[in-house]
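Step one of this worksheet: look at the structure below.
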Amino acid sequence: MTQLIWNGLFVGSFYALIALGYSMVYGIIKLLNFAHGDIYMLGAFVGFAMLTSVGVIPASMSITALLIVLLLCMIVTGGIGVGIEYLAYRPLRNSPRLAVLITAVGASFTLEYGVSAVAGPNPKVFPVRLEGDSFTVLGARISVPQLVLMVIAVVLMWGLNSYIQRTSMGRAMRAIALDTKGALLMGINVNKVITWTFFIGSALAGAAGVMAGAYYGKIDFLMGFIIGLKAFTAAVIGGIGNIKGAMLGGLLLGLLEAFGSQWLGGQWRDVFTFGVLIAFLTLKPTGLLGERVTERV
Amino acid sequence: MKLRIPKALAVGAVAAAMLATTGCGGILGGGGDKTADSGPIKIAAVIPMSGSSAPTGVYMKNGMQMAVDEINAKGGVLGRQLSLDLEDGACDPTQAAAAANKAVSNGAVISVGGYCSGATLPTLPIFAKANIPMIIPAANSQELVNQKLPNVFMINGTGSQQAAAAVKFMAKDGVKSVALVDDNTSYSKDIATETKKDLQADGTVKVALATSVTAGESDYSSAVHDIMGANPDMLYWTGYYQEGGLIINQLKAAGYKGKIMVADGSVDPSLVKIAGAANAEGVFATMTQTPDTIKGAETWIANYTKAFGSAPGPYSTQSYDAVRVAAEAMTQAKGTGGDAVIKALAGIDGFQIFSGPLKFTPEHTLSSGGFQILVVQGGKFILKDALA
């Protein structure tokens, strides 16, 4: 039981990190950024490229090296996210919603097969793998790497939350989410804020990518697809557009999967998880923490 | 209006000319061929060149290309050169069906592709309708056999033959309980179901757990949790190597002490890399013959490595053989007409391929699957038990 909870929380924290990017972007420009899962994949590949170019890293240094690479990767993927927004989404900002949605799908495929063309379609094995002892807490087997990654994820999420709550840029983001035109009239530089949003969201997804590469050990150019869908689901469960909701949704999805698999068997895990999702959304369409938006006429 | 009349006339003239030439061809060829009797013989292959199975597609492509080059260097078949028409099936049923249609309209006379069973299945009726013989090098789900199409020949062992080999080894190895895990694809589910059936019929080995995972994910902790709970003597993973490597890694990290066996889709050097060399050590596999386990294949491996700059992998040999079998059948049929080639294929007896002398069963499968047990030792798959 405790093992299931731990497993669920661990996977859930990955979902949560990626879900944050979905939710932030949706909250601000009402765009479902389907390329977001592929930013996660890009993060893993950028990390892979950096670590391989450094050469052999002694085991004692692996955590330090990984943290440095993690930070660098966040900057790179953040930059790529900003680039995608600038090239693919900004020109379409006032176009019909469907056009932007399809552009996002296009951006997703471009990233996937671009990486496949550059790095090759074969899966890559991450040069640094987090390995460590494990210990038992209340019957759950917890390993040191899992703990390290959980701590990193929590720190990142906590940092994001205080950034949005406490800084003026965060306030501007919340203002745009409430009313874009109003924010513009109040003198907020909307473009700059949107750029920042993409930077932060993509940096978090990139961080998750590096962490997944280091923990699971295998990366490939399609690794962002399923997890992207799951993170999107998590964002919707939590109430899309809501930051805390995205975190909560991610953890909840992880737990649902762990328990679904245990109760009904692996074949039924996704049926169970998404069945619950459908039931949940019919009862509460706004998600856990989402607020009903009243249409202004 | 003025332009239309000459246009119609021109079209009419071209059509008449075409009718005349095909008519002539029919008379001169005598074999009733639909395709041109000169120029290269088109061999189609629908294999994955994108998507998660793309790495294996490369092994297959190179194997086929090598056979085509060798045959062409010796003067081709029936005095004509062979030309390979590779189409990307992406391991996806929709894409594979489109690719097969494209191959047919390109004028292929024989098909040597087929890797993912799920994606190969919808290509069967397309080739059958065009009366194009298919020699399937890798896809081996029982589903493909169950279609009972006269044009389909399989030179890889079938799922039930693989399951039989797995069960045989489990009993031999003294395993008392087994966990079966598949990835919900046609190929993988097929082996798992057949193994379960065989085990239950046999009765000596207990099925402690039969479950599925979703391919393409990274975290398999829930499957690992279930396996740890079932505590089997052996895990039999019937999916592909990407997920297989992750599951082995995560199982070992969770403290799993039992044995592990994987099916042929997981036999790839990458499995060891993904799982970690120490974790993969001692993992068994049910596998048809690979270049590494075939005696006397060293020269072949050297030639392949020289030609493509990398070592052959799974299904390189079967793909190579598929082209050779196709060439042999066309030579025996003295033509490329579908009916004659199918008859020639069914009649092949003793043609040497990597898995031994070839003779198809009435179901058009190999008379023996040729499955053997490999084991990972020193980071490489080596022969453990030929199950002879």
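Cβ coordinates are placed from backbone N, Cα and C, and glycine is handled just like the others.
Computed from a predicted structure; not experimentally measured.
Marked as transmembrane segment by TrEMBL: A:6-27 (among others).
The transmembrane segment annotation in TrEMBL covers A:39-57 (among others).
What TrEMBL records for A:63-86 (among others) is transmembrane segment.
Marked as transmembrane segment by TrEMBL: A:98-120 (among others).
According to TrEMBL, the feature transmembrane segment maps to A:140-164 (among others).
Beyond its flanks by at least six residues, the transmembrane segment (A:193-215) meets 14, 17-18, 20-22, 24-25, 28-29, 33, 36-37, 39-48, 66, 69-70, 73-82, 84-86, 90, 126, 128-130, 145-146, 149, 152-153, 156, 160, 163, 169, 172-173, 176, 183, 223-224, 227 of its own chain at Cβ-Cβ distances under 8 Å. What TrEMBL records for A:193-215 (among others) is transmembrane segment.
Taken from TrEMBL, the feature transmembrane segment covers A:221-240 (among others).
Marked as transmembrane segment by TrEMBL: A:247-265 (among others). Below 8 angstroms of C-beta separation, residues 4-5, 7-20, 157, 230-231, 233-239, 271-273, 276, 287-289 of the same chain, each at least six residues beyond the ends of the transmembrane segment (A:247-265), sit close to that stretch.
Listed by sequence, the residues of this chain that lie at least six past the ends of the transmembrane segment (A:271-290) yet keep a Cβ under 8 A from its Cβ atoms are 233, 236-242, 244-245, 248-249, 252-253, 256-257, 260-261, 263-264. Annotated transmembrane segment per TrEMBL: A:271-290 (among others), in sequence order.
When Cβ-Cβ distances below 8 Å are used as the criterion, the transmembrane segment (A:140-164) is approached by residues 2-3, 5-6, 9-10, 13-14, 16-17, 20, 63, 70, 130-134, 170, 173-174, 200, 204, 207-208, 211, 214-215, 243-244, 247 of the same chain, each at least six residues removed from its ends.
Residues 12, 14-16, 18-23, 26-27, 32, 34, 36-42, 44-45, 108, 111-113, 115-116, 119, 121, 209, 212, 246-250, 252-253, 274, 277, 280-281, 286-291 of the same chain, all 6+ positions outside the transmembrane segment (A:221-240), place their C-beta atoms under 8 angstroms from a C-beta of that stretch.
Remote same-chain residues near the transmembrane segment (A:6-27) are listed as 33, 36-37, 39-40, 81, 140-142, 146, 149-150, 153-154, 156-157, 160, 173, 177, 197-198, 200-202, 204-205, 207-208, 211-212, 227-228, 230-232, 234-235, 238, 240-243, 245-259 (criterion: CB distance under 8 Å, separation of at least six residues from the stretch ends).
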